[in-house]
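Just below is one structure, and these are the notes that go with it.
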Amino acid sequence: MDPKSQRVKLNDGHFIPVLGFGTYAPEEVPKSEALEATKFAIEVGFRHVDSAHLYQNEEQVGQAIRSKIADGTVKREDIFYTSKLWCNSLQPELVRPALEKSLQNLQLDYVDLYIIHSPVSLKPGNKFVPKDESGKLIFDSVDLCHTWEALEKCKDAGLTKSIGVSNFNHKQLEKILNKPGLKYKPVCNQVECHPYLNQSKLLEFCKSHDIVLVAYAALGAQLLSEWVNSNNPVLLEDPVLCAIAKKHKQTPALVALRYQVQRGVVVLAKSFNKKRIKENMQVFDFELTPEDMKAIDGLNRNIRYYDFQKGIGHPEYPFSEEY
C-alpha cells in the first residue's frame with residue numbers, strides 16, 4: 001500500500017495524509033534532534049508533519065522540510081505541514097502576527113493547516129505560560145468566534161491553506177459552526193485520542209459535520225511531561241493490546257495507530273527514535289479484524305493523560321464536558 005495515497009479529503013477540498021509525524025519533545029531534548037528526526041521521517045515516507053509555536057522547534061522543523069525539498073526527496077506540495085496558534089495569541093489582532101512569526105521561523109511561504117492550539121486563552125505577551133505570584137495561570141478573555149474570524153482572514157491571505165482547532169469540545173465546535181457569517185468550517189479538531197480515551201462521541205459529532213478528528217497522544221503519553229497526569233496506567237502495556245499485537249506479529253504501538261486509521265481518524269505518531277519512526281510507517285501493512293476493533297473499543301476508560309488541570313476555572317476549559 002502506497003502511504004502517499006493514504007489521504008483524507010478535508011471539508012475545504014484539501015487533502016491531509018492520515019499518518020502524521022509529531023514533533024513535540026520535552027524541553028530538555030536538544031532542538032537539533034527535531035531537525036534530524038523530521039528529515040529522517042520524510043526520508044522514510046512521512047508526508048504530514050505536525051508542529052506548533054509552543055514547541056519552539058519550528059526553525060529546525062522548517063530547516064528539515066526545506067533540506068528535503070532542496071535534495072529532491074519531496075516538493076513543497078508533497079508535504080502537509082501543521083502549525084498551531086498558542087493560547088497567548090487568541091486575541092484577533094494577534095492571530096496573523098503569530099502565524100507570520102511561525103512562517104518566519106519555518107522560512108516557508110505558507111502552512112497547510114493552522115489550528116487554535118487550545119480554547120483556553122492566556123494573557124498576551126512573550127510568556128508561553130503566564131503565571132501570577134501564586135503560580136496560577138493568568139487567563140485572558142476572548143470570544144473564540146472572533147479568533148476564528150482572524151483565522152479565516154489568514155486563509156484568505158494565503159498564509160495557510162486550511163484552518164482548524166484543537167482541544168475543543170463539541171459545544172465549542174458548535175459555537176463556531178453556528179456563528180453568523182461563518183466563512184469556513186474548521187477542517188479538523190486535533191485531540192488526545194487513544195484506546196483508553198477513544199473519543200467515540202466526539203468522533204461521531206465531528207464526522208456528522210465533516211470535520212476530521214486528528215489524534216495526538218495516540219500511544220498514550222510519556223509520564224514525565226509537566227502537562228501529563230502521571231497517575232495513569234501505561235497504554236502500551238495493556239494486555240489486550242499486546243495480545244492483538246502478538247497475533248498480527250506487530251508492536252502494540254502499531255496496533256494503537258492502526259486502530260485510529262481504521263476508524264477514519266488522522267493519527268500523529270511521535271518519536272525521535274529512527275527505528276520507531278520507520279516502524280510507524282508499517283501501519284499500512286496490516287489490517288485489524290472487526291473483532292480486534294471491537295476489543296480495542298472495549299478498552300476505553302476515559303483516561304486523559306493531557307488533562308491540562310491548570311486550565312480548570314477558565315470559562316473555555318474544554319474537558320468539563322463529557323465530549
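Yeah, the Cβs are placed from backbone N, Cα and C, and that goes for glycine too.
Feature annotation from Swiss-Prot assigns active site, proton donor to Tyr55. In the three-state DSSP classification, Tyr55 (active site, proton donor) falls within a helix. Taking a C-beta cut-off of under 8 Å and a sequence gap of six or more, Tyr55 (active site, proton donor) has these contacts in its own chain: Thr23, Tyr24, Ala25, Ala34.
Listed in sequence order, the residues of the same chain lying 6 or more apart from Glu279 (NADP(+) binding site) and placing their CB within less than 8 Å of its CB are Thr251, Ala253, Leu254. DSSP classifies Glu279 (NADP(+) binding site) as helix under the three-state reduction. The feature NADP(+) binding site is assigned by Swiss-Prot to 20-24, Asp50, 166-167, Gln190, 216-221, 270-280, with similarity to another entry given as support.
Other Cβ atoms within 10 Å of the Cβ of His117 (substrate binding site) number 20 in total over all chains. If you look up Swiss-Prot, you'll see His117 marked as substrate binding site, on the strength of similarity to another entry.
Less than 8 angstroms from the CB of Lys84 (site 'Lowers pKa of active site Tyr') sit Ser51, Ala52, His53, Leu54, Tyr114, Ile115, Ile116, His117, Ser166, each of them six or more residues away in the same chain. Per Swiss-Prot, site 'Lowers pKa of active site Tyr' is recorded for Lys84.
Neighbour counts of Cβ atoms within 10 Å were compared across the binding-site residues Gln190, Ser271; the minimum falls on Ser271. Around Tyr24 (NADP(+) binding site), a 10 Å sphere centred on its CB holds 18 further CB atoms from the protein chains shown.
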